[in-house]
């Protein structure tokens, strides 16, 4: 199963899937 979530760091957001 793949989980995708949004990661925000220092004003920069990206999508992370594991």
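Every residue gets a Cβ built from N, Cα and C, even glycine.
Taken from Swiss-Prot as is:
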type: DISULFID; residues: 4-17; note: disulfide bond
type: DISULFID; residues: 8-13; note: disulfide bond
type: MOD_RES; residues: 18; note: arginine amide
Neighbourhood of residue 8 (disulfide bond), C-beta criterion under 8 angstroms, separation at least six: none
Integer Å distance between the CA atoms belonging to residue 4 (disulfide bond) and residue 13 (disulfide bond): 13
The residue listed as 'arginine amide': tally of other CB atoms within 10 A of its CB: 7
The residue listed as 'arginine amide' and residue 4 (disulfide bond), distance between Cα atoms, whole Å: 7
Other C-beta atoms that fall within 10 angstroms of the C-beta of residue 4 (disulfide bond): 8
